[in-house]
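Quick look at what TrEMBL annotates:
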DOMAIN    B:70-284  domain 'ABC transmembrane type-1'
TRANSMEM  B:12-34  transmembrane segment
TRANSMEM  B:75-95  transmembrane segment
TRANSMEM  B:107-128  transmembrane segment
TRANSMEM  B:155-178  transmembrane segment
TRANSMEM  B:199-225  transmembrane segment
TRANSMEM  B:231-249  transmembrane segment
TRANSMEM  B:261-283  transmembrane segment
């Protein structure tokens with residue numbers, strides 16, 4: 001309809017050259033004043049980084065439904081998850097879509113600081129998101145303004161096979177002493193106690209996170225992530241002491257730098273390993289008919305005086321500042337973010353819904369995580385999401401090296417401290 | 001018009017033919033190289049404003065232990081890649097015989113050349129895998145445990161280079177086979193009359209005729225060793241903990257993952273300087289015979 005009236009106006013205006021010029025000027029001026037109203041066919045482009053086929057299907061369905069109801073043509077461009085991490089930096093500057101997927105917290109902040117994500121506090125206000133999101137809003141907030149909507153949360157912890165534990169008569173470890181004892185039992189049963197694959201390095205950093213949260217607590221951990229605490233600080237010593245003890249007790253997969261997390265997860269599935277530190281997506285490493293054997297238990301307690309803090313990473317969805325159609329982008333997000341739509345989208349990756357009014361899930365892994373979240377006092381996201389990306393790169397390398405050569409601890413920490421000073425300009 | 005064309009075509013035609021290539025080369029290679037050197041004097045995250053820091057990137061680079069690890073690995077690559085031309089020549093001599101089925105055998109040796117280097121990398125990663133790889137199976141037959149090559153900081157570079165050598169040897173093999181087909185029969189006949197055979201024939205009659213081919217094989221191998229990147233990225237991502245990183249990979253990692261484009265550009269500039277030495281030698285040797293004949 002809009003399109004027809006526009007082209008008819010064009011025909012009428014073209015009758016004389018003079019009137020055409022005036023007309024064009026008026027259209028241009030009008031365009032500057034009220035661009036959304038005069039835009040011809042309304043279009044919305046979304047860049048997605050979703051690798052999971054089921055989830056893509058849900059997103060496509062929601063986009064189609066929205067397009068039908070609103071008359072806005074919605075295009076989804078799918079990108080490879082890893083390639084997207086580098087592509088986003090150029091497309092946010094040149095050729096931004098109207099909506100894109102990303103990660104909340106520090107990774108989001110990097111773009112907010114450069115003015116590349118749109119402030120959507122108005123959408124939060126309009127839809128009353130703060131009431132249903134609660135504390136989660138914090139991960140999307142910079143200086144009291146919101147710059148994106150949280151998607152599924154990944155709760156990190158230890159996973160094991162119920163049937164194996166039942167058969168051997170083991171119980172899931174609650175404390176680090178339990179874990180060490182389980183380590184002995186597993187080794188004498190010919191199994192690797194904790195499956196570890198550090199080829200992509202981040203699993204080692206996750207292990208550091210979880211130990212540091214159990215020993216040092218959240219506040220110190222976040223200070224370290226923000227570059228405010230030196231890597232050579234005395235408070236980190238017990239963390240590395242304990243970690244070294246675990247490494248020396250042969251708790252982890254030998255030659256873990258040769259394998260990725262998928263291989264490590266496969267070892268758990270094949271009953272070659274007893275436990276593994278990961279999030280709900282561990283189920284991709286399992287045959288579909290054995291997923292129900294998976295069970296979750298929080299990372300073991302090390303210092304009982306420290307409250308329960310966990311890594312809970314939140315993916316997110318954003319409106320780029322340089323996108324063209326910000327109004328429709330907001331409307332689409334509002335539609336996408338309806339409790340039933342969001343729940344359908346998150347079900348496919350076993351992620352914890354951020355809204356408290358989503359319909360209950362049928363996935364036991366999601367429900368275990370939701371249940372467990374109730375006793376969590378505070379959350380970080382994950383090492384390479386919480387700290388500066390440059391620092392993260394060196395940190396990941398350092399933790400991987402420590403897991404192979406714990407005797408090089410001082411050297412590694414000195415190096416990380418040098419990097420921290422360079423990045424956080426001390 | 002046609003008169004004008006006839007008068008000027010001796011220079012106009014070649015210019016027109018060269019122009020698109022020269023333009024592309026100028027923009028994509030020359031301008032990009034100059035800009036890289038320019039960027040190396042800035043602190044830049046690839047998105048935000050650029051800040052002039054003078055030589056600070058280079059100072060940091062020369063104080064960075066990772067830089068020396070990368071440089072050392074580049075030397076390992078260079079030294080081990082030197083095996084490719086002689087191995088290629090040996091295989092070419094072996095295969096250059098008129099025996100039934102030789103064509104089929106030759107094609108088997110060409111296989112790695114057809115494969116994308118990423119494929120070669122993945123295949124070798126499987127071969128090296130300490131749990132199910134071919135290497136561990138072979139060791140298993142002798143009752144030994146295979147070393148986890150890609151997890152050992154001292155062996156990892158050699159393991160990656162061996163994977164990269166496979167297609168490189170095949171490439172040299174093709175070059176030498178082509179060279180062997182162009183041997184001057186008269187010279188070989190004359191040599192035979194003079195009583196040369198076997199190794200003497202190879203050394204004094206065949207090899208001198210392969211001089212140009214050997215030179216190209218050597219030059220391509222050197223450049224290939226210095227710009228090695230894909231194998232490292234596929235097989236180890238520079239790991240474990242940076243011990244198999246080469247300069248090209250470190251540049252990529254610093255620019256893309258650490259958001260340090262200025263620093264990455266400084267690494268690129270150093271790599272360019274190292275390569276320039278070999279390129280200068282290449283051009284000098286390439287131009288010299290032409291001057292002699294001119």
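Backbone N, Cα and C atoms are what each Cβ position is placed from, and that goes for glycine too.
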Intrachain neighbours beyond the transmembrane segment (B:199-225), with Cβ under 8 angstroms and 6 or more residues off its ends: 74, 77-78, 80-82, 84-85, 88-89, 93, 168, 171-172, 175-176, 178-180, 182-184, 187-188, 191-192, 275, 278-279, 282, 285-286
Folded-back contacts onto the transmembrane segment (B:12-34), same chain, C-beta under 8 angstroms, at least six residues removed: 5, 272
Interface check, the transmembrane segment (B:155-178) with the transmembrane segment (B:75-95), three or more C-beta pairs under 8 A: yes
Long-range environment of the transmembrane segment (B:107-128) - Cβ separation under 8 angstroms, sequence gap at least 6: 91, 95, 134-135, 148-150, 159-160, 162-164, 166-167, 170-171, 173-174, 230-231, 234-235
For the transmembrane segment (B:75-95), sequence-distant contacts whose Cβ falls under 8 Å of one of its Cβ atoms, 6 or more beyond its ends: 102, 105-106, 109, 157-158, 161-162, 164-165, 168-177, 179-180, 202, 210, 214, 217-218, 221-222, 224-226, 228, 246
Other parts of the chain folded back onto the transmembrane segment (B:261-283), taken as Cβ under 8 Å at six or more residues beyond its ends: 33, 36-37, 39-46, 50, 53, 57-58, 60-61, 67, 70, 74, 219, 222-223, 226-227, 247-248, 250-252, 254-255
